[in-house]
Ligand SMILES: N[C@@H](CC(=O)c1ccccc1NC=O)C(=O)O
């Protein structure tokens with residue numbers, strides 16, 4: 001009784017829906033770096049950026065590249081192509097959408113997954129988009145959709161188109177799958193998508209620090225939430241194999257985002273969707289390890305593309 005009274009008087013400011021502690025906890029849930037079991041928050045981010053940069057440098061050394069190919073008029077509307085070292089008629093193409101909470105990272109450290117893929121005969125495309133504050137959510141979603149259209153116009157001979165996105169990039173990949181293509185010049189047929197440690201419902205981040213540079217209103221968050229667009233995804237991507245992957249050591253809130261989205265897709269008849277709970281990983285090394293050909297998710301991706 002006493003403790004209840006104390007907690008109510010101390011922690012529940014009158015006339016507000018959300019108390020200070022709950023808000024702090026929400027921000028912690030949406031701070032992936034605080035949940036790594038490997039390192040401190042600062043170190044895990046530093047090491048993440050270093051790993052992605054080193055992997056991308058290696059990929060640029062291994063593959064032939066076409067860097068800064070425009071897919072639109074804007075300065076930031078460019079992509080990098082990593083060309084396979086083998087010659088085959090069966091050439092799948094994976095588009096990678098980088099993470100970084102729609103406000104960090106770029107395509108310059110996003111070619112790392114080409115390391116194990118280019119000698120298996122897979123083209124990897126790393127897409128750049130205008131992160132906040134330059135870009136906003138509507139702009140970023142529009143950009144990545146147009147990048148897919150541009151890629152299939154340039155590479156019409158490929159044997160299959162696949163998407164892979166991490167964190168904010170998984171959100172963008174899910175938005176691509178949920179596109180009404182009738183306003184576009186072509187309708188992409190996406191064969192498979194890897195959505196890794198993503199956010200699919202933007203409403204919970206509206207009141208957090210994540211939204212400070214994004215400045216989303218509730219309306220913007222709703223129209224850009226894949227969780228709201230499952231019927232459109234079913235119409236546009238019914239033949240797509242979808243893997244929703246989440247790290248064992250992602251925060252409970254991040255894990256819930258993946259589980260809820262998986263469940264929403266799974267209960268939609270006709271979709272092929274699997275949930276991969278990747279053991280011994282956190283928000284960062286779940287994607288960093290795609291530089292390794294033996295990593296579980298690399299193997300899954302190769303298998304999906306018929307290249308294992
Ligand atoms: N405030 C975030 C920062 C973050 O997510 C991040 C920062 C730099 C580069 C990538 C990041 N996140 C995921 O890709 C965190 O606590 O992890």
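Just so it is clear, glycine is given a Cβ too, placed from its N, Cα and C backbone atoms.
Model, not experiment: these values are computed from the prediction.
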Candidate ranges 93-97, 98-102, 103-107, 108-112 [criterion: TrEMBL lists as motif 'HGGXW']: 98-102
Residue 250 (active site) - helix vs strand vs coil (DSSP): coil
Surrounding CB atoms that lie within 10 Å of the CB of residue 250 (active site), all protein chains: 26
Alpha-carbon distance [residue 250 (active site); residue 283 (active site)] in Å: 5
Whole-number Å value for how far residue 167 (active site, nucleophile) lies from residue 250 (active site) (Cα to Cα): 11
Residue 167 (active site, nucleophile) CB neighbourhood, other CB atoms within 10 A: 27
